[in-house]
Amino acid sequence: MTSFDRMLTDAHARPAADCLAELDATPEGLSGDEASRRFAEHGPNHLPEVRGRGPVLRFLAQFHNVLIYVLIGAAIVSGAMQHWVDTGVILAVVLANAVIGFVQEGKAEAAMAAIRGMLAPRAAVLRDGVRVTVDGASLVPGDIVLLEAGDKVPADLRVLEARGAAAQEAILTGESVPVEKTAQAVAADAPLGDRQSMLWSGTLVTQGTARGLVVATGASTEVGRIGGLLAGVEQLTTPLVAQIDHFARWLSFLILLVSGLLLVYGIFIGHQDFSEMFMAVVGVAVAAIPEGLPAVMTITLAIGVQAMARRNAIVRRLPAIEAIGSVSVICTDKTGTLTRNEMVVTEVETPDGAFTVEGDGYAPQGGISPAGDLSDLALAAALCNDAALRHRDGVWSVEGDPMEGALLAFAGKAGGDHDARRLDAIPFDSRHRFMAVLTETAAGPKTFVKGAPERVLGMCEDIDLPQWQDRAEAMARRGLRVLALAGRAGSGPQIDRAGLEGGLTFLGLVGLVDPPRPEAIAAVAECAAAGIRVKMITGDHAGTASAIAAQIGLANTRRVLTGADLDGLDDTQLALEVADVDVFARTSPEHKLRLVTALQAGGLSVAMTGDGVNDAPALKRADVGIAMGLKGSEAAKEAADLVLADDNFASIAAAVREGRTVYDNLKKVISWTLPTNAGEAMVVILALLAGLALPVTAVQILWVNLITAITLGIALAFEPTEAGTMTRPPRPRNAPILSGELVWRVLLVATLFLAAVFGIFTYAIDKGYPLAVAQTMALNMLVVLEIFHLFFIRNIHSTSLTWAAVRGTRVVWIVVVAVTAAQFAVTYLPPLQAVLGTQDVAVMDGVLIVAVGVAFLAIIEIEKQIRLGLKQ
Ligand code: ATP
């Protein structure tokens, strides 16, 4: 038994120092080498994968479908009647269909699995005494993990230090009230939920900060042992796909019923031969059931998910892909999303005067003018700070909050000795907007506070409050992010919390620039063109917020509502104001929830960004909750539908564009498939009812529908964004996809199919061609119509008769060439002729068929132009 297994059972009851000793660990963390050694011994820190269905089961599942049952039934009946060719063709098609479905589903699932991998959690640990962020899977027993509010606990930890820390442990205990954490050992027989000295893997830190020793990883953790938290295998579906699935299922039953009635009618009233009639009715069922539809829609979604991931928007919940295309308001954070979050201190004001700070990036080198003594301010900036600067390959970077990194760089420029031991701290919280530390400096214990000026200035004694408030205000109006710093001599061992209010000495104001992202400016303009209003919701000062909003190009930067203003409004007043105001400053996460609710009450579809643990309710409430992948907490990511890999606003606009494209493509798949099926079915039904020879045989229908139609339909899943996608207003929330317009198009196209196929068939019979030739021509007519219809559908919002539209995409041409080649093969190759009952078609007749296809395209295109004209 390794020491690590023993620790698992009683770490909570032993003193922290004991646990460290037992695991051969130190509070400074393991060395890199030791961590690698332990990794080799204990393996990666993740739970065993939930096994999906195996390939055999997945393949068999392809046969679980009404149409396949019908076909297998048909194969048995035609076998019983000794129509061996028919039986063979049916079985071959069933098999081909299952293989196509299996391969495509596998690709879609692989795409989803790859996306899940992109959301792997990371953890802050101490290695060789330095804080580094590592992949959560690389943690080993003995590692020291640093946690803050919003983090997900990456392994089972023995708490070494906790500051106001609490964790929500519902996944283990079912109890949703957060449990406070402490470094004190608890009773050996305390139940899990009472072991306050432990932080359990998979639970969420809801407040405070903590430092813990890893005592168990992977499957040895509590959550691993109960086999819980297995990331549910997400279904590849959205409301729209589910709706279509449901529709397709009932439609199939309806078609089966109608087919059955047709069979009865044909035999008893039409006095037709059973075997012929049976195969014809199977043809009707095959023609009419849109069996490929749900599968092609799933592929379309999977391709959309991949396209979004390429644009740095990772979909966590698939329905979001539809919702993001319909958003009409985007509420976004400022820092890091609209701005770069690369901060530099440029101005400092102290009671001694105003200073300008030079230098770029995080290098602690640069001049300060005029010269002066800023040592107290620099000491406060360096010590009231959780970040670290790193110098590697000539480049300075920050580990931690960039704003704190900028303060460290400033402290370096101001000079002085900033070494001290921290005794206590009050972590920053966006609700109280300050951070305080108590440190043991060379000159004795000192308390330092930094935070929003309104908050910190109020804690200081002996200052001219209105004057300093004005100066802070003036800096903010120049677009700077402003912090106030203050300090006092203190004793210990803990911060005298009551003594903070009114007992501090003011040290100075620090102004930081955080330039807007140029691509965010472009993206905001793109959103405006797309009828989407962008609103900034920030914790920053109103002046800073409005200056940045103006630089970014938000619509209304004249009025700013602050959190305090929002508190003064009731829900009705808020609903009125919220539509017009675009900048909300000094807000707390609770305000975000009120704002989403108010916007939704106005009928808007809202996307909301967030990063902190307290943003989770607003993210859940929003139509699309978006979490920041880099600076966002695990809590926010779990609540979100979408995670931005680069925290960049431009990625939201890109996701909207992709979301609109996916929705369009789903619509295209539906608008292409349904009329095609209806057209084919009507051809056979009409012939049956009229007692005519079938223009296309059942086996031919099988070929058209299960091979060519599915191949062509897939091309629509790959359609690129149509021009003008981001200049259209958002589609209304809940706009039905099976609209009156679609029904009309189904009828129109089906009727044209009917006319063209019967036309060609009758023409051939009139010319005295044998029935098989006439049927071959009708079969080719159907496929030609499908191809022209495909070119038409590719541009539902604009004309299909442009060079770009005709040139199409590579995928379209690949499928068109493949299907055309296949048509030539079944028309002219003798072995295939034998199977499908086809015969050679004369070249001129082939030209005629294509010409009818062109006429078909012209008619539906003109109809579309009339409709588009009426809409304008
Ligand atoms: P956004 O919501 O756009 O990301 P933000 O990052 O400015 O805006 P908060 O993080 O809530 O929002 O910060 C609000 C204010 O609190 C800041 O304007 C600053 O004055 C102060 N503040 C932020 N971070 C710290 C910190 N680490 N220590 C002390 N004060 C801070």
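Cβ atoms here come from the backbone N, Cα and C positions, even for glycine.
Here's what TrEMBL has on this protein:
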- 10-83: domain 'Cation-transporting P-type ATPase N-terminal' (DOMAIN)
- 56-77: transmembrane segment (TRANSMEM)
- 83-103: transmembrane segment (TRANSMEM)
- 250-271: transmembrane segment (TRANSMEM)
- 277-303: transmembrane segment (TRANSMEM)
- 677-696: transmembrane segment (TRANSMEM)
- 702-721: transmembrane segment (TRANSMEM)
- 742-765: transmembrane segment (TRANSMEM)
- 771-791: transmembrane segment (TRANSMEM)
- 811-829: transmembrane segment (TRANSMEM)
- 841-862: transmembrane segment (TRANSMEM)
Does the transmembrane segment (277-303) make contact with the transmembrane segment (702-721) through 3 or more Cβ pairs under 8 Å, each pair 6 or more apart in sequence? yes
Could you pull out which residues elsewhere in the chain have a CB under 8 Å from any CB of the transmembrane segment (771-791), counting only those six or more residues past its ends? 672, 675-676, 679-680, 683, 693-697, 700, 703-704, 708-709, 712, 715-716, 749, 752-753, 756-757, 760-761, 764-765, 800, 805-806, 808, 812, 816, 819-820, 823, 826-827, 836-841, 845-846, 849-850, 852-854, 856-857, 860
For the transmembrane segment (702-721), what are the same-chain contacts with Cβ under 8 Å, counting residues 6+ beyond its ends? 71, 89-90, 93, 96-97, 100, 104, 283, 286-287, 291-292, 295-296, 299-300, 303, 657-658, 660-661, 664-665, 668-669, 672-673, 676-677, 680, 696, 779, 782-783, 786-787, 790, 793-794, 809, 811-812, 814-816, 818-819, 822-823, 826, 836
Do any residues, 6 or more residues outside the transmembrane segment (742-765), come within under 8 Å Cβ-to-Cβ of it, and if so which ones? 670-671, 674-676, 678-680, 682-683, 686, 695-696, 771, 773-775, 777-778, 781-782, 785, 789, 845, 848-849, 852-853, 856, 859-860, 863
Per DSSP, how many helix, strand and coil residues does the domain 'Cation-transporting P-type ATPase N-terminal' (10-83) have? 44 helix, 1 strand, 29 coil
Between the transmembrane segment (250-271) and the transmembrane segment (677-696), are there three or more C-beta pairs closer than 8 Å, counting only pairs 6 or more apart along the chain? yes
